[in-house]
């Protein structure tokens, strides 16, 4: 609520002068007044308010700003109803229109939602207080909500949009809130305390520490880590004298600095001592001046007198400087006390004695000038080594930590406060040089880019720990620039021609005894080789066709072709030979002349023919004979053919009686063709036939049936052809007045047929011979006898074949037996195949010789080249060359440029400058520790190289400086140790090394002490004994390469890669010395392998049987199916071709089902003629009336020659079976006799009851007078499915794909059948549908493909890889292969072994290893800054990581990079701090803890994993605990963390307490981690206290008695006393009183040994617990006792009961049934 302006002004005036309390009162008063005024103003009722609707859509003519939108505004009563606008305050009326931003589609590219980061997760309970109750115990976490900012901004610059609706127009506004999880707080987890350390003092009061370390940091607001250190005082023993309170402490070394120039040190002659500050001159300037001084010409140098004067002046200056320093020393205070007066006097005397000698610094300058040229040797320009000095401070500290006077620290000698050092220099490099030309100097679109480099040089190497050098070489991709850049040479793939199509056998043909695969056809695989060649523009024009142009490019490395290689395998198809499909034989023709134009020979033949109904492969020449001939007599070429006989016409124009039938004839030739009647003039014309028209009283006979088929096709000794016909009596004659009926024998007639002998001849042809050149064609016409085929001309040749005359079932007969007119041809022209020469590519370039240099490689390197066959020879063309690859030794290659560092001699040892060390002991001598430097250069085998080359290719640079020691006059000087002498024999003798004294040391007695300065060392010669043993697993079985194949044990598979047979497997051997240290395998005279023969089993394919015979068609009429199958003969194994899915019952593997069409006329009913009438109601006079006729009806198989053999009746359609008997009225004399009824006429379709069908008969005998013939027409209505049927086609399913007989796969034909189905669903003959001319729209045949059994084809094995480990036992060599052709169909699957390995020769793993750090020592002082050291040694291991390895000679690690565990700079010393007595300090960092996830019940919460390390505080003095630093810990994220859980653990109760601790899931006892709310009780107390004897406080909080005592309670439930439980003593084997039962009260706490004679064991039965309740075992024993009681009673009853008599069991009821086993097939198939 705001305040009036006057109030604000008042406050501003009073703010500075009114006291705060009064100011607060004034504010409250004014606020209450303003509130009251506002309340009064708002108390006026306002019942009408303005209300608004939502804003409408932004409208406008243009996109962007300038649009407008409107909304509805109305006045409403506070109760909700709308009223007039005048009732509302017009001044407060809201706007009904506003400007807006009109969004268009193209704004999508300009605006987008900008998503801010999610804010911190806030608990739901904090956002809505009181809504959600926070859980008291956190289990998984707390649900929270986090928010973020979302705004609509411009994509270009992120400026907020004018309206958020712009982005909402295209995409809904992203959510502003999301649920989150606040994990439960995780307290800090620490380990248990370590044991107490030893006392910090040996006497007096000290401190003991114990520490613990952090295992898990506090997370998500958990409790902080507790103290990691606990202290306790200790007093080992009282001190005998006063405690040492002071310690000498050294500080850290200061920065390395250069001493001031001599001129600056001589300046105090004109100034006041050390007060004058002279600027330090840089070394480069000094060197420059010295260089100039050296270059002064001889005539300009000073004379000898001038030089002496200057020298005297310098001497005087030094004296003055010494005096000034002495004066300054007197003013230093307490620091003067560290040098005794006696020592200073000795120094002064020594200086006075040598006053005439040059000071040591002058001597150093002289030597420096002499050695300047030596120092300026090569390499000096790359590093400016400047030796300086550094100092450190020495102080005396009290154990309280205060610094005291140095004199309080009693110590004989003070530590050195100066040392030589190298000034730190950072690496300096030159500017980048120009970029090198691009490695690719040509242009290639979308090709690989080239590379260019630029270099920079090192101008100053880092020294003294300066900054390391940056990268000296930079690379970047590039392309050739500029005009005139030539296009790059491009490379393309070429391929050889495809090999011949190779068809693999079917599973049923995998019998090795079937070696002939030449007849296989169908689908297969063919391969070719792809090679890379340099592409030319001409090839692009000709579509890269090398075979057509007969030009082969030179092969190059396949890696130069960047495009994917073309396929090297493809599916192919060998056309299957189409066998001749022949029709059936025709009937024998008439006896005809062999040549109707030449009838003089009188030789005749009967011919029968068949025809080819398909197009066989290779034409008709390979088909069987098509004509067969039988010799015959009386041949004729033309004959009369009887067409029919006309009706019988009685003679003499009578109505009945004898008459004739005139034959109708046609002249036909031997082929049955109608010809001119004149040609038959010599043939016998058929005569008219005598016939009879019965009169009314005559016997009436039926017409003759047609002649039956001839019973035999030919006649011989035992066979004769016969034909029969029959007729029957239709009406008997009328006694004497009519013509009599003939005998029954006259009702049948028989005639001979096919009287020719069974001697059938035909021409038989042999196969066509090879096409040979036709020598009958003259050479002049040879050009005309050439036929252009493709682009080559091939000549026409001649083929012949053998033609013989064959008698059937006899063999070859003379040719005259066969008709010469139909003799096949024996010669035909043919096309000689064109010769194809072998085409090979030129040889490729020689392969490159290896450029890498391997140490000790004496084997000669090879280079090779190859050429490729791109066309194989054919038809007698030129053969391919035998040699396709060539190999030669590499020429002596260039010497490998092995770069190495060359170290030069160490320079003179440089000491700390005289001005720094002149006040120390022995300063008059130039001796002591210093530094020496050396130059390093880069060399290669043929001379000097650039430093950068060694930095890039050589090992790390050798050190440039090293500490040195200039011996003083009294020091003993010795040479370095020589090398050990060589051992002449192992295990025998010794080897020695020596050194000698040099200089004056030879005469000093102390130097001749061989104990202190030994001059020789002796070692026993090593006793090297080696033993080899195998290690690791056997390798894969590897087939030998090249010609090392022992016999043809393997089998070739597709691709001709030997996949199985005898190979070898390898196992590595390892060599150890007598100390079980790994050594080279050559020491054990081993090449590193054990070799063993092995067998790779050959794959055996699934083998199936041959096809079974086709089953009979499932339907005897119409379309059905027929099946054939194969069954399993042998299972596959070792990766053979798999079996198809088998029927487990009968092991049938492959079914083939095809539709079949059974001819509905293949089985027909054949009825014999009707028998003679048997009159049942006989008129003996008339022989007429009702009678019965019978006939025999048989089912016969129908053939092309007619019904032949009788078959079972069920094969014929029972509905079509003719009647076997009939009842009818036998006509009497004078009755009209009709013929048999003819066939019914067809019903009109569709069938309709209103339509009828009819059948007719004709009168054979006219009726007598007064009698009429019955109706000759009979009609009946057409009824559907009774006598009228509808017919339709039914199409069957497709058959399986049918291949040629020899085909295994590929293209085939599938068929289906049409079936004619009657409306009553019965299949009928197709002619019924054909007669109706129904639409046949279906395709009966279609092409199909059977997937070819393509074997898996693998590539050759790749070369063996490099060893996976450079040393150790686990190294392996690998090689692999790839799948070139995946298996298809029933092809052999790919071998699962796509990789093979064999072990590498074992090599020892040498590596440098550090020894542990030594204790931190501060030389010359008790505490302060010091050093700790360690050594580096060579160790050998087997590379397994187990164990630390064995120590070996350092020489074995000589070839290794000087690094330890990957850290290249080997550090053998480092600074450390020795704590002073009384210091409180932090421990070293602990190792990183285990990686730990944030989990709940083993589930990761997704917050990552963390690990931690810590530092604890250690103290030595109780008084200094307040000065201790804070403990420290740090955490870092990690990977592969584990889930740990924590739970409380408890120990047994001891009195009223027990131990309680927290344990991690891995068994580690910790502090923290367990929820405090679930902490078990560690202490329990009873109220009132349990003070009765033998009582204690139970876990339930009540008093109970100890074991062996029972509780006696008071009336109010409190324990009154503990009473001993009576004990039942059960004697045991050792008790001598086993027959005496006593009850005695025994103390349960007294041992059994204390009771005399009580050697047994005693049980105490105490049913009640301490709380007075029954114990649990009582409830268990009670039911058991009850069950035992029931059992005893039952057994007693059964024992006393009288037993029944046993019944004899019948044996026949107990006979065992035989065990039957049924095998239902192999279930694993």
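Backbone N, Cα and C atoms are what each Cβ position is placed from, and that goes for glycine too.
Keep in mind the model is a prediction, meaning the values are calculated, not measured.
Annotation source TrEMBL lists compositional bias 'Basic and acidic residues' at 272-293 (among others).
Residues or ranges marked as compositional bias 'Basic and acidic residues' by TrEMBL: 302-319 (among others).
Taken from TrEMBL, the feature compositional bias 'Basic and acidic residues' covers 327-365 (among others).
According to TrEMBL, the feature compositional bias 'Basic residues' maps to 366-375.
The domain 'Spondin-like TSP1' annotation in TrEMBL covers 188-239 (among others).
The annotation domain 'Spondin-like TSP1' is assigned in TrEMBL to 427-481 (among others). Secondary structure counts, DSSP: the domain 'Spondin-like TSP1' (427-481) has 0 helix, 19 strand, 36 coil.
The domain 'Spondin-like TSP1' annotation in TrEMBL covers 699-758 (among others).
Taken from TrEMBL, the feature domain 'Spondin-like TSP1' covers 838-893 (among others).
As annotated by TrEMBL, domain 'Spondin-like TSP1' applies to 1102-1143 (among others). Here the domain 'Spondin-like TSP1' (1102-1143) has, by DSSP, the following mix of helix, strand and coil residues: 0 helix, 16 strand, 26 coil.
Under the heading domain 'Spondin-like TSP1', TrEMBL lists 1352-1405 (among others).
For the domain 'Thrombospondin type-1' (1584-1623), the DSSP-based tally of helix, strand and coil residues reads 0 helix, 18 strand, 22 coil. If you look up TrEMBL, you'll see 1584-1623 marked as domain 'Thrombospondin type-1'.
As annotated by TrEMBL, region 'Disordered' applies to 257-379.
Taken from TrEMBL, the feature signal peptide covers 1-37.
If you look up TrEMBL, you'll see 1673-1696 marked as transmembrane segment.
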Inset, instruction - Could you pull out which residues elsewhere in the chain have a CB under 8 Å from any CB of the domain 'Spondin-like TSP1' (1102-1143), counting only those six or more residues past its ends? - result: 507-508, 510-511, 1060, 1149-1160, 1162-1163, 1211, 1213, 1290, 1292, 1313-1317, 1323-1325, 1349, 1386-1389, 1391-1392, 1721-1722, 1725
Legend entry - Mean predicted confidence [pLDDT] for the domain 'Spondin-like TSP1' (1352-1405): 87
Inset, instruction - Over the span of the domain 'Spondin-like TSP1' (1352-1405), count residues by DSSP class, listing helix, strand and coil in order. - result: 0 helix, 19 strand, 35 coil
